[in-house]
Amino acid sequence: MVPRTPGRSTGGMTPPRLTLPRWAPAPEFLVFGTFVLTLVGGGAWWLLRGDIRGLLPGLGILALTIILLDWRLVFYLFLFTLGFAHEFQLPGGLAMDVPSEPLMLVLMACVALALLFRQQELTTREWQHPLLALLLLQLLWAGASTLTSVDTVKSVKFLLAKLWYLIPFVLGTLLLLRKPAKLWQLSGIYTLSACLTVVYTVVRHAGTGFGFASIHPALQPFYRNHVAYATVLALLLPYALYGAQAALPGRTRRAWQVAIVLLFFGLITSYTRASFLSLPAAAGFYLVLRWRQTRRLLMGIAVAAVAAGSYFAYQSNFMRYAPDFEQTVFNGQNFEKHLEATYELKDVSGMERLYRWIAAARMAHEKPWLGSGPSTFYPEYKRYTIKGFRTYVSDNPERSTTHNYFLLLLAEQGVPGCALFALVVGTALLLVERLYHRSARPEHRRLVLAAGLSFFIIVFHLLLNELVEVDKIGSFFFIALAALMRLDVTIPEKESC
């Protein structure tokens, strides 16, 4: 029997379950009664009219009843189906990732209603957390940039889409993680989903001898490209590694260990350079936070970024690196030549990045405060490109953007928008270091490292791609932030003493 909650939560400690009045029947009777009535009605319609669609309203009402009683089920369903989500084209040139985006909308409504009607509450420390404040400021600045956007419709759509990331995956995760150890459950569900897609991809890829050119068709339809595929596998590896350490000897630990092997093998056979580099970079960051050098690392990166920008801008030094159009190619059949072309600055994907980065910098120079508006880089950037950096893929039929999330924000939301995101990243990484040294209990330290290193791996990929608004990756970007907030509230200041 499901216990009935007698009143509203106090201090945010009740599970995320909608409270029923005392006179209402128990939740299981509501679900069963709704199911029986709608099933009988839909079945009668099916028998009389021969139309099986008569069952759909009943199933919809049943699903709604379950959602209202306990929306955690939707969260778990989202995580399990996330690995299998793929893009469907809609009328009017629109597209939607199914079933992930519809479930995100449902989750946004559930979390918003739960907070609005005070069925669950966040503590004052959570509402006042610096990371949550920075995320809110970033959203507000995106709203300000929308006011002067070159395409207001696109920018408004971006703001709405941002809400269905922030509400479910920041606020919703904070409500779910009353016990931080529940993070293993959330990450485990997504890891299972991702591992199933790895098995699917590896089987198809093996049929072509694991060729470099055949990875893209092998991972269809679940991933748009090998970069998204490899990024998902890389960001889940810290959860699998520390989840295996946290689990007791037995089936759970063995399951995590199998996941490590699958994720790593899938990553290696994805032929994705950024993801290869992200793992040793994460290992390096582990040493940095262990030695309490995160602040110096961030300051060094900031100084290097400013110095590099100044050098390339001075007397147009960037023009020295203009590619030879005829020699800039994609070595799709040979991964070794692909790597060789990368460091020789003859790889088409690398040179195309320069082509767009220069355009982004010129856009930011023209509109340094508010930018062109959220989600407007394409096609606005084409007015700012330099022909000397053009490659044979510069027509950009897939309508991709900068391949650097920081530069994307700089172009679309100006210097303040980029700076706010950099503050979110810097604050989160410094928090990882503080929590690591504050944690005396091994279970807390494992959670900090799993969420912190996964977050770092995502940020590393953002230097060469824009992935925060990709459902398979952006969801865990915000889940990691929420997990760090929860751990900051949970781990006492004196635990390390």
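Using N, Cα and C of the backbone, Cβ positions are placed for all residues, glycine too.
Database features, via TrEMBL:
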- 259-422: domain 'O-antigen ligase-related' (DOMAIN)
- 29-48: transmembrane segment (TRANSMEM)
- 60-82: transmembrane segment (TRANSMEM)
- 102-119: transmembrane segment (TRANSMEM)
- 131-150: transmembrane segment (TRANSMEM)
- 156-177: transmembrane segment (TRANSMEM)
- 227-244: transmembrane segment (TRANSMEM)
- 256-289: transmembrane segment (TRANSMEM)
- 296-314: transmembrane segment (TRANSMEM)
- 414-435: transmembrane segment (TRANSMEM)
- 447-464: transmembrane segment (TRANSMEM)
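Residues of the same chain lying 6 or more positions beyond the ends of the transmembrane segment (447-464) and with a Cβ under 8 Å from any Cβ of it are 180-181, 183, 187, 227, 231, 234-239, 241-243, 246, 274-275, 277-279, 281-282, 285-286, 289, 353, 403-406, 425, 428-429, 432, 435-436, 439, 473, 476-477, 480-481, 483-484, 487. Using a cut-off of 8 Å between Cβ atoms, the transmembrane segment (256-289) and the transmembrane segment (414-435) share at least three residue pairs, counting only pairs 6 or more apart in sequence. When the stretches 102-119, 227-244, 296-314 are ranked by Cβ pairs under 8 Å to the transmembrane segment (156-177), first place goes to 102-119. For the transmembrane segment (227-244), same-chain residues at least 6 beyond its ends with a Cβ under 8 Å from one of its own Cβ atoms are 83, 183-184, 187-188, 190-191, 194, 197-198, 201, 215, 219, 253, 256-257, 259-260, 263-264, 266-267, 270, 272, 274-275, 278-279, 282, 446-447, 449-454, 457-458, 461, 465, 467, 470, 472-473, 476.
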